[in-house]
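S.K.: Grabbed the feature section from TrEMBL, which reads as follows:
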BINDING   Gly170, Gly172, Lys173, Thr174  ATP binding site
COMPBIAS  108-119  compositional bias 'Basic residues'
DOMAIN    159-295  domain 'AAA+ ATPase'
DOMAIN    369-438  domain 'Chromosomal replication initiator DnaA C-terminal'
REGION    1-86  region 'Domain I, interacts with DnaA modulators'
REGION    88-120  region 'Disordered'
REGION    343-462  region 'Domain IV, binds dsDNA'
Amino acid sequence: MDKNILWTKTLARLKEDLSVREISYTNWLEPLHPLSYAQGVLLLKTDNPFGLEVLNTQYRKIVLHHAQQIDPNIEALGFTIEENAAPPRAEELQPDHAATNRVDSQKKHSKKDRKKKEWNKKGLPINTKLTFASFIEAEETDLAYHSAKAVAENPGARRFNPLFIYGECGVGKTHLLHAMANTIQQERPNLRIVFTSAKEFYHDFFSSLNEKTMDEFKKHYTTCDVLFMDDIHTLSGKESSQTEVFKIFNDLHTQNRQMVFAAPCPPEALSGIADRLLTRLQWGLSVHIDAPQLETRSAILRTLLENESVQISHEAIHYLAQKGPRSIGDLEGISVRVAAHYSLGNKPINSTTAAEILYNDGITPGKIRAIDIITAITDEFGISRQLLTSKSRSKEVAQARQIGMFLCKEHTDLSLKAIGTEFGGRDHSTVVHAVKTVGAKMEQDTPFAQRVDTIIRRARQA
C-alpha cells in the first residue's frame, strides 16, 4: 500500500478515536507525515526535535494499532526528524521490556504526583475571540443568545440550570459556550470554570482509571463553579462515562453550580443516553439555534464583508446567501475567501465573481443540502424539525424521517454517520434500514414515489 494513502487513512481513524484528545491529535499526530513504508515498517517524520520521546512513549502503540487496521502487514512503527533516514528493521523498533520495567518506587510516586498536578490544566482552552460582541445576532438565534447572556450574568440561576443549547453543526452553539465562559471569566474571576467536550471527558475518565487518579478526576469536575460540556451526544452508548456525568450533575446541581451542555438535537431526541441522565438534562432550559434563513444569511455576509472593507454588490451577496453554505461557521469561511479574492484584484465583487468563488469552493448551483431536505420534509408533512428528530415512533413521523434519510443518502455527500446525526443522532444501521425501506416502497407504491419526488423538488428550490 502507498505510504501516503496508508497514513491518510490512519490519521482519519485516529481523529475518530475517542481515546485520543483533540489537542493531542492537533499538536502531535496531524503534523506527522510518512517518510517511508517498506519491509513491514512505517517510518513517520516529525519536525519537532523535542517530540520524539513523546511520540515514542505515548503514541507509538495507538498509531501502530490503527495503521494495522488499515494494513495488517505492518510489523512496526518508527519516528524520526531526519528527512533522509534509512528505514529501520522491525526488530530495531521493539521496546526494551527490561529497561521499561526498571522503574523504582520513587519514580512511580513522582509520576503520580505530577499527574495530580496536571488536573489543574485539564479541559479545552477558552477562545477569547468568541464573545457575545462577535456573535452575530439574528431571529434564529435570539432565544439562545439572550438565554446565554442571562447565564453569563447570573450563573447558577435555577431556571437556567442546566442550559441546553441544540442545533445543527455550525450554527453558533460552541460560540455561545465560549462567549459565556469569557464573560464569566472577566466579570467573576473568582469562579472556577471547566470547559470541556464529551470526547475530552471520556478521555479524562479512562485516563484517570488507568493512572489511578479517580479522586483527582472527581474533584476536578465536582468542585468547579461552572461546567461547559460541548457535544454531549458523543457519549451515546458509553454507559460508564454517562454514570460519571450523572454523578457530577447531581453534585453540581445540589450546590447551584451552573452547567451548560450543547448537542445537535434536544435532550429528548438523544439516542443511547440513559433515561436518568436525559431527565436531568431537561431540568433547566433547552433552547434551539436554527440554521439562518436567506435574509439572515445575507445580513451576516454583509456584516462580515463590511468589516473587511470589501466592495460587493447587493446581487452578489444575495447569490452567496442563496447558493452558498447555510451555517454561520461556513458563511464566515466564505467571507474570508471573498475578502481574499477582493484583495488580489481590488475590484468590486459581482454575481459572476461570487459564482466563481463558490465553484472553487466545491459548491455549484442546485446542490442540495441536508437542511434543504429537512425543511422540505417538515413542510410536506406539517411537522416541526424538533418532532422530526425526536424519538417519536408515530407512523407519520417515522415515515417522514425515513424519507429524509433516504434523500440525504441519494442527494448529498454526507456519510451515513453524518446523516444519522442530522436526524437526531441515529446510528448508521438505522440510516441503512431507512434507505432500503424507502427505496423498496417507491418501487411498489406510485403515489408514495410521487410524494418523494415532490419533496426533492421542494428541496432543490430552497
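Just so it is clear, glycine is given a Cβ too, placed from its N, Cα and C backbone atoms.
Note that this is a predicted model, so its numbers are computed, not measured.
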S.K.: What is the number of other Cβ atoms found within 10 Å of the Cβ of Gly172 (ATP binding site)?
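M.R.: Taking all protein chains shown, Gly172 (ATP binding site) has 26 Cβ neighbours within 10 Å.
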S.K.: Gly170 (ATP binding site) has how many other Cβ neighbours within 10 Å of its own Cβ?
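M.R.: A 10 Å sphere around the Cβ of Gly170 (ATP binding site) contains 20 other Cβ atoms.
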S.K.: Taking the Cβ of Lys173 (ATP binding site) as the centre, count every other Cβ atom within 10 Å, in any protein chain shown.
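M.R.: Result for Lys173 (ATP binding site): 25 other Cβ atoms within 10 Å.
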S.K.: Does DSSP give Gly172 (ATP binding site) helix, strand or coil?
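M.R.: The residue in question, Gly172 (ATP binding site), is coil (DSSP, three-state).
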S.K.: For Thr174 (ATP binding site), just count the other CB atoms lying within 10 A of its CB, please.
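M.R.: So the number of other Cβ atoms within 10 Å of Thr174 (ATP binding site) is 20.
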S.K.: Centre the Cβ atoms of Gly170, Gly172, Lys173, Thr174, go out 8 Å, and tell me which other residues of that chain have a Cβ in range of the ATP site.
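M.R.: Other same-chain residues with Cβ inside the cutoff are Gly167, Cys169, Val171, His175, Leu176, Ala262, Ile289, Ser327, Ile328, Gly329.
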